[in-house]
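> Following this message is one structure expressed as structure tokens.
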Amino acid sequence: MVDSFQDNKSKLANNANRSVLSLTSPAKLNILSSSWSKTGSDNKITKKPLRRATSLNTSQTRPSAYARPKLNMGTPAMVRRNSSFFKDDERPNSQQQDGEEPHADRFIPTVQGNSQNKVDPLALQEELPPPNASPTTHLRAQTKMVFKQTVAEACGLDMNQKILQYMPQPPVASLKRQSYSMKRRTHYNYQQHPQQQQPSQHELMKLRKINTNPERILDAPGFQDDFYLNLLSWSQKNVLAIALETALYLWNGTSGDVTMLVDYETTMITSVTWSDDDCHISIGKDDGNTEIWDVETMSLVRTMRSGLGVRIGSQSWLETLVATGARSGEIQINDVRIRQHVVSTWDEHTGEVCGLSFKNDGLQLASGGNDNTVMIWDTRVSMPQWIKRSHTAAVKAVSWCPYVNNLLATGGGQTDKHIHFWNTTTGSKVSSISTGSQVSSLHWGQSYSQPGSSSMNREIVATGGNPGNAVSVYNYDTRFKVAEIVHAHESRICCSQLSPDGTTVATVGGDENLKFYKVFEPRRARKSKTSAEDVISLFGRSSSTLDDEYHMVVQDDEREDASLAAKRRTSEFLIR
């Protein structure tokens, strides 16, 4: 009996101990607030009184009036996985049966099936709020993004495009017709589709062969190695004028004769430019005066005093007007027919004006200065029409395109090394070329696209300084270098001029050498249209053999006729 009593007593003790030690942990009970501690000398686990709490896991606890009703929906897969609020997203929802429609909250839409494919991960990264935002903010942002992409897909739009197109693209024409249309109808190379901008490997490897050896070399002792001066000019009568310190020399390209026109002995010559009639030449000097000489009679016609007292580094002629650029930044418009020759003064430049060029029609004047700016002036007013500050160095190279009326090319100095092309009507920059060297001059030209072909490529030649002292030829349409003469001079090239026939470039540098390089093809002869081409032209179309060469030749001939007429009108304009 005693043993039985002892056994019952031990069983009761064991049951009591088991009731304490086998108590479920707070994590398994999902109790929000509890206090557990080890007390007593025997290290037994005891429990303090618990506060009333509600379990978070409603599936394992009994429903309560205080608990929020359970929403039978899975967490949308588009939410960020690193959010602590949705750390259990990767666990499958075993309670949702196949074919059962999930329910949704009023403010949280349901993500169905393949709608997850509509979410662009890159777009989500851009549209998502910061990581420390609330989960509700994340859900709203992602819901908004899904809505945008759903609407875009329904409308057939591309989310990556900033300009929406509400009509299908036109059918692609044949390659031959497409290339012809682009060449005939567009003069400016604006940014196009990336596939159209990338040339083929064959085009990259196709370089034009030019003679890297000069056709002629002349000594030019005393030439001033000054980047800001314009000391070389080539007339349409094939007479090249070059200033060597205080003297001006004339070289006849036809006969090869050299003549000294004038020697000032004490005053340095800073700029030289032929007039439009090719019978007179203007000489800018270090004292601020500009003299006009008659090369046929070898006599001084008149002296125009600027009153600025600084050197005249650039000039440009337009019939009876000559624009002069001073070191102080002023541009003076002089009319050589009247005694008070200064008719206008423009002083927008803050540095020396080292580049000047009138447009063919005379409505605009382009100027470049040591203040790293390009200004396009309307000759009818005294304010610049456009002011461009894209260059980061002095702008000396200024050249108007002879094929496109409103296309201007400008080149920057040592720290810029870029050629920019401008549409002077709208003031926009058309394109740019990185030359890798200082740009001292620019000249437009052309060459045959293929041997024996009648189509011509528009090209531009740039002369530069360090590191190559090279003469580089670029294709304007592709903006790739097609030919180059490396180390054309032993020092930087300061000035260059294009021959009257448009084939040869005369360069002079600090090494005191005057060199002649043939870089362009000769001009095309006039092409006569056949009877079949006449019939095609009646319908407003041109054959593939015509291309735009005939029209360009006609424009060149009309321009030459107008130039000759202007020369006849202005041959007797000077006041003697």
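The backbone N, Cα and C atoms fix where each Cβ goes, and this holds for glycine too.
Since the structure is predicted, the reported quantities are computational estimates derived from the model, not experimental observations.
If you look up TrEMBL, you'll see 34-43, 54-63 marked as compositional bias 'Polar residues'. The region 'Disordered' annotation in TrEMBL covers 34-115. Positions annotated as domain 'CDC20/Fizzy WD40' by TrEMBL: 218-517. Annotation comment: TrEMBL describes 262-303, 346-380 as repeat 'WD'.
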> Please report, as numbers and ranges, the same-chain residues at least 6 past the borders of the repeat 'WD' (346-380) whose CB is under 8 Å from any CB of it.
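Distant Cβ neighbours of the repeat 'WD' (346-380) are 227-230, 313-319, 323-333, 386-400, 402, 405, 408, 410, 412, 416, 420, 422, 424, 427, 559.
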> Average pLDDT across the repeat 'WD' (262-303)?
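Its mean pLDDT is 92.
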> Quick check on the repeat 'WD' (262-303): DSSP residue counts for helix, strand, coil, in that order please.
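So the repeat 'WD' (262-303) is made up of 0 helix, 25 strand, 17 coil.
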